[in-house]
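Annotations per Swiss-Prot:
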BINDING   220, 221, 222, 223, 224, 225  NAD(+) binding site
ACT_SITE  243  active site
ACT_SITE  277  active site
């Protein structure tokens with residue numbers, strides 16, 4: 001029984017599915033997808049639970065969310081292992097994901113009060129009050145790269161605001177989704193407030209096409225995000241929050257500390273085996289001797305990275321990709337760029353056929369035409385050389401995406417120029433592109449999505465503002481508008 005609908009664990013009636021470890025092929029999870037009728041049942045349960053949940057005092061909703069945080073802390077080691085085994089990422093990195101889930105809860109509570117709480121302004125004859133109200137029933141689509149942390153960034157603020165939810169994890173991480181939902185169950189969520197439906201494309205389409213949804217919160221690929229946007233077009237009454245990744249540039253100016261610049265680049269491009277939406281995909285390196293030295297050192301150090309199993313000792317910097325198919329896709333993207341005229345600086349290599357272990361790849365594309373503007377979700381870094389900083393900014397902005405952008409430079413004036421001209425939601429200076437603060441907005445522009453999911457601004461799209469002019473007394477104004485006559489007329 002792998003679906004949780006209206007407080008009950010039930011068996012899916014759809015396609016049979018199993019999840020294996022992407023490195024060892026060990027079977028981790030088996031179950032059936034939710035069919036369309038079960039998806040509709042989950043929505044009905046959420047709709048029935050909404051009025052009571054929305055009317056709960058905020059303190060009551062907060063108490064359940066904080067109980068969930070305590071359960072995450074108590075079961076941190078177990079959830080870390082589930083995430084690591086299911087995604088292929090090393091244990092150390094999976095542990096940081098669970099820590100981020102815990103920390104995000106306190107931040108979400110603060111954000112609710114700061115961004116969507118009640119505010120009152122006294123007027124001469126009353127008051128103006130701003131309140132916020134939940135949308136109703138929301139669907140949450142989770143990604144596979146952070147299967148606990150990123151859905152958590154939608155689910156927690158949505159529940160705090162008083163919404164009820166249907167959660168569909170990625171079909172590549174059903175085990176993590178189920179494990180997290182079991183902790184929510186133990187936290188004491190009322191039946192129907194949060195429902196779990198497992199499945200792939202058919203389940204997702206059944207969920208996103210429900211007429212009774214009030215909104216959809218999505219983290220994933222641009223292609224799926226665009227599909228959801230088209231599907232919900234002409235329905236302005238539904239909130240749609242999309243985080244769709246990026247084709248992110250990292251600009252490397254001449255710097256004295258080459259090793260520090262290389263370390264920052266490795267953290268930006270190859271952490272999580274390149275499976276972070278903020279990962280650097282395009283490395284823009286200044287022409288000249290220092291740029292040459294930087295690239296040579298980068299190729300040297302990146303070539304030493306050996307991906308390993310989640311539980312290897314010592315721990316590797318990177319583990320496997322989410323699947324062998326994902327690793328193959330990266331290899332195909334590299335070969336495509338070679339065919340276009342790219343010069344390979346470091347060839348990616350499958351550590352073992354049939355697994356998702358893949359070493360990093362680096363390819364120079366300076367002067368190469370028709371390079372696809374796409375997010376290759378893996379450890380493949382594309383390099384361009386530039387002559388001057390204005391050209392670097394032009395190259396950085398030459399994408400339909402706009403998630404993250406970074407600069408490695410000791411020149412503050414260059415960073416100030418980048419802040420003015422970059423088209424990206426996150427612009428970092430001498431910090432990895434993959435570094436983001438949960439107390440700051442997270443998200444981008446263009447094909448990278450809308451709103452700012454999974455962080456401080458998530459409260460904004462989980463509730464709508466209600467403005468009120470209020471007075472406890474009903475009075476006739478001392479001064480009336482022109483043309484109004486309230487004088488008493490004597491009877492004839």
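Backbone N, Cα and C atoms are what each Cβ position is placed from, and that goes for glycine too.
Keep in mind that this is a model prediction, so the values were computed, not measured.
For each listed feature, how buried is it and what is near it?
Counting Cβ atoms from all protein chains shown, residue 225 (NAD(+) binding site) has 22 others lying within 10 Å of its own Cβ.
Annotation note: residue 277 (active site) sits in a coil segment as assigned by DSSP.
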For the recorded NAD(+) site formed by 220, 221, 222, 223, 224, 225, name the remaining residues of the chain with Cβ within 8 Å of the site's Cβ center, in chain order.
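Along the chain, the qualifying residues are 218, 226, 227, 228, 244, 245.
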Here the recorded positions are 222, 277; which one has the lowest number of other Cβ atoms no more than 10 Å from its Cβ?
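Across 222, 277, these recorded positions, the one with fewest Cβ atoms within 10 Å is 222.
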Which has the fewest other Cβ atoms within 10 Å: 221, 223, 224, the binding-site residues listed?
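Checked 221, 223, 224; of these binding-site residues, fewest Cβ neighbours within 10 Å: 223.
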Quick check for the class: what is the C-alpha distance, in angstrom and rounded, between residue 220 (NAD(+) binding site) and residue 277 (active site)?
9
Distance between residue 221 (NAD(+) binding site) and residue 243 (active site) at the Cα atoms, whole Å?
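Rounded to a whole number, the Cα-Cα distance is 8 Å.
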